[in-house]
Amino acid sequence: MFTHSPSPVQAALLFLSVAAPQRAYAALYASPEAAASHVSRTTYDYVIVGAGAAGGVLANRLTENRTTKVLLLEAGSSDYNNTNIEIPFLAPVLTGSTFDWNYTTTPQLGMDDRSVGYARGKVLGGSTSINYMIYTRGARDDYDRWASLTGDRGWDWDNMLPYMLKLENFTNSPNVQNATSKFIPSLHSTKGPLGAGLPQVSLPTDQIALNAQAELSSEFKFNKDVNSGDMIGFSWTPFAIQDGARSNSARNYIQPALSRSNLDVIVGAQVTKVVKTSSQGGVPIVRGVQYTSGPNKSIYTVKASNEVILSAGAIGSPQILLLSGIGPKAQCTANRITPLVDLPDVGQNMQDHPLLTTNFRVSSNDTLDNLLSNATLAAQQLALWQSSRTGDFTLGAANQWAWERLPSNDSIFRTVPDPSSGPTAPHYQLIFSDLFVAFGGVPPPAGHFLTLISNLYTPVSRGNLTLKSTNPFDYPIINPGLLSDKGGFDIHTMREALKAGRRFLQAPAWRSWIISEFGDSANAKTDAQIEDFIRANALVVNHVSGTVGMGKSGSTARGSGALNPDLTVKGTIGLRVVDASVFPIIPAAHTMVPTYAIAERAADLIKAAQSGHR
């Protein structure tokens, strides 16, 4: 996911929007207090913390057995049918909204000591309700490396592909032109719950970019389907968008399960810690959860007869573990938290994908900038979307992109090993957006633009998350360590990505469209100048991962992973983590689909574990 600040027109759309009415379900409670007044149950088979991609999958799959009782706790609201969430083009207004946790990193040494905002979803659906809906499975080599690192072949591409198909309903709108030339239907499923497809609106830049790719095919090969397992090349961009609206875990997994009597959902419920309920052979059994509606509010306790499952995300899950005494012993002791399990890797290994935008002024007046500058046009497009779910408001961030690798003889490999998982995984991504995109509150200037977004996808840099205090409502200290690797691979690759993007946009096909590079980036010519520009302006794609990583079974030594390959927390019984925090190495892809896929497998692992206990 990437974010930018709303323009005045987008801000106005916040008031033009009309939230869809919420359906009433007996199983959905608006607060812990509301639940307490209606539900006497204090024990469930499973308690799931967090209703994002993974939590939504688990809530649905575990309640398929109607005798299995599940409680799903979400700190945010239930307003996933809000129009700003549903309309794909309005994704930018969700950053910084009531649906966002609004985290901020520490000053990043690799980014000129700038702090970076971290958008994470705080609503049913989690970040799937506020992200840019980009639909990438990832590379075959990434999954195969997970299998090698964990010693579990179940995580390799061949074994995970059935889960990717299980979750997917890849059905294109009839408005998609020449759809079969833009993806490979045989690689996809139309039977799963999560709606996805290709952009239904064609843009003038689409054919120009295709012509440029053909002109530069020796560097930018054409890839018919980015989700084939080999991501490399120029391709069309798939999105978790269907029927013109956002697909998310709330709409596609949680909502269908709400009619089941064996699922309770409580929103506005922030978990403060997990609790040891007993022990077995000296190993703590952790099947208790404490939660509340806010500071100085009543604390509620619930127990799981089988498992507590943390799906609170790569920030929320490690924070809850640390508050519960599960993590580095020294950190727990320093915060006067009684250590329960000494797990050095909790909160460590934080990874994310750095991002950079550069803008180009264009000669055409037919760009999506018109939606940001013309309130009348924006209102017309909103009305069109509301009446038929068609038009420009169905669009995501860009119709096309390229995923590329550094040449094998690149100078950086003389001193730094290739951090990628293999030839199917990209080092960087280039996104071509048909409008001005900027970050940090930069207002769009007058005129018409194309934006190049260049992102690093195999970062070497690692960061960490630590507690600020024992108050669960104090945000943790978030330090992703962006662009900080000592070998310089990350800044080198960001530089080469920008240079590659410029080469693509200098193809003959663009000559009558692009006038010139716009803004400060135009003055960054030398390698040193480009690196200075990147450090002064780069941000992050909001793919925070790895903070409760899985490893091989057994060892709890630092670097061996906080989780077993089945995602159970080492040194505990009854506690599991399922979300993007479990990635041992961040995939070279947008992380939404890999998180869904991990959760689909986790649901089967959980069911199998319970069957084995009977």
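Any Cβ shown, glycine's included, is placed from N, Cα and C.
Here's what TrEMBL has on this protein:
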type: ACT_SITE; residues: His543; note: active site, proton donor
type: ACT_SITE; residues: His590; note: active site, proton acceptor
type: BINDING; residues: Val123, Val271; note: FAD binding site
type: DOMAIN; residues: 121-144; note: domain 'Glucose-methanol-choline oxidoreductase N-terminal'
type: DOMAIN; residues: 313-327; note: domain 'Glucose-methanol-choline oxidoreductase N-terminal'
type: SIGNAL; residues: 1-26; note: signal peptide
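Within the group of active-site residues (His543, His590), the Cβ with the highest number of other Cβ atoms inside 10 Å belongs to His543. Residues within less than 8 Å, Cβ to Cβ, of Val123 (FAD binding site) and separated from it by at least 6 positions along the same chain comprise Glu74, Gly76, Ser77, Ser78, Asp79, Tyr80, Ile85, Phe99, Ser129, Ile130, Ala250.
Close to Val271 (FAD binding site) in the fold, though at least 6 residues off in sequence, lie Val49, Leu73, Ala75, Val289, Gln290, Tyr291, Ala312, Ile320, Pro472, each with a CB less than 8 Å from its CB. DSSP states for the domain 'Glucose-methanol-choline oxidoreductase N-terminal' (121-144), grouped as helix (H, G, I), strand (E, B) and coil, give 9 helix, 3 strand, 12 coil. Cα of His543 (active site, proton donor) to Cα of the residue listed as 'active site, proton acceptor': a distance of 7 Å. Secondary structure of the domain 'Glucose-methanol-choline oxidoreductase N-terminal' (313-327) per DSSP (helix as H, G, I; strand as E, B; remaining residues coil): 11 helix, 2 strand, 2 coil.
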